[in-house]
Amino acid sequence: MLIHIPSVLTVEEVAHCRQIMAGAEWVDGRVTAGPQSAMVKNNLQIPLSSDAHREMRDIVLRALGRNPTYNSAALPLRVVPPLFNRYDAGMSFAAHVDNAIRPIHETGARVRTDLSSTLFLSEPDEYDGGELVLHEPGSTQELKLPAGDMVLYPTTALHSVNEVTRGSRLASFFWTQSMIADEARRRIMFELDRTIMDLRTRLPDDDLAVLNLTNCYHNLMRQWCVL
């Protein structure tokens with residue numbers, strides 16, 4: 001289930017992150033890659049220990065906390081603190097698999113990567129190439145979203161970033177451990193939540209149909225969530 005979530009960051013938040021990135025230190029992006037991914041990864045990242053990273057990390061985490069679509073679709077239990085990268089002309093990231101388990105840099109805790117997110121920080125017309133490509137059996141899907149928009153997709157998907165041929169592509173990326181590991185069950189919960197929200201626009205909250213469907217949602221959460 002791939003979900004495009006518009007305006008995760010406000011225009012002002014994007015501009016502030018861009019300003020921070022303009023003055024930040026950048027290092028080889030392979031520092032956070034596994035052995036296989038490191039062989040095909042060619043980009044730059046902001047160091048995890050830097051003040052720039054910490055400030056932007058907090059901006060993104062606050063934005064995720066207030067975004068109902070992300071919280072409904074991901075049902076997040078833990079989030080690997082967002083990372084920030086840059087692809088200049090000639091840089092790319094060939095098809096690769098993300099690690100199933102990732103550490104949290106500051107605490108050493110480990111997170112199971114159920115969902116991957118890319119939060120775009122450059123406008124599509126600022127660079128050529130640089131599309132995020134999801135490789136599914138028999139098909140591929142390319143994404144290049146407006147600054148502030150995010151794509152959420154299962155970490156099980158093979159994916160790549162096309163070579164940038166002009167300009168620079170700025171983005172944040174991170175992983176989420178969901179309270180529900182199974183993708184099919186997460187989809188059911190997301191669709192059920194959206195149905196309840198739609199029903200509430202047409203019926204009062206104390207309507208029996210709304211109450212019964214909401215009760216079903218929470219009973220499924222009790223059955224399927226692992227905390």
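Even glycines carry a Cβ here, placed using N, Cα and C.
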Worksheet item: Among His4, His16, His159, which is the one Swiss-Prot gives for the Fe cation site where His96, Asp98 also bind?
Response: His159
Discussion item. Checking the contact step here: among the binding-site residues His96, Asp98, His159, which have a Cα within 10 Å of the Cα of Arg169 (2-oxoglutarate binding site)?
Written reply: none
Practice prompt. Sort out for me which one of His96, His159, Arg169 has the most neighbouring CB atoms within 10 A, since those are the binding-site residues we care about.
Written response: Arg169
Worksheet, complete the sentence: Excluding its own, the Cβ atoms lying within 10 Å of the Cβ of Asp98 (Fe cation binding site) add up to 17
Worksheet entry | Environment of His96, Asp98, His159, the listed Fe cation site - residues of the same chain whose CB lies within 8 A of the CB centroid | Ser37, Phe93, Ala95, Val97, Ser116, Thr155, Ala157, Leu158, Ser160
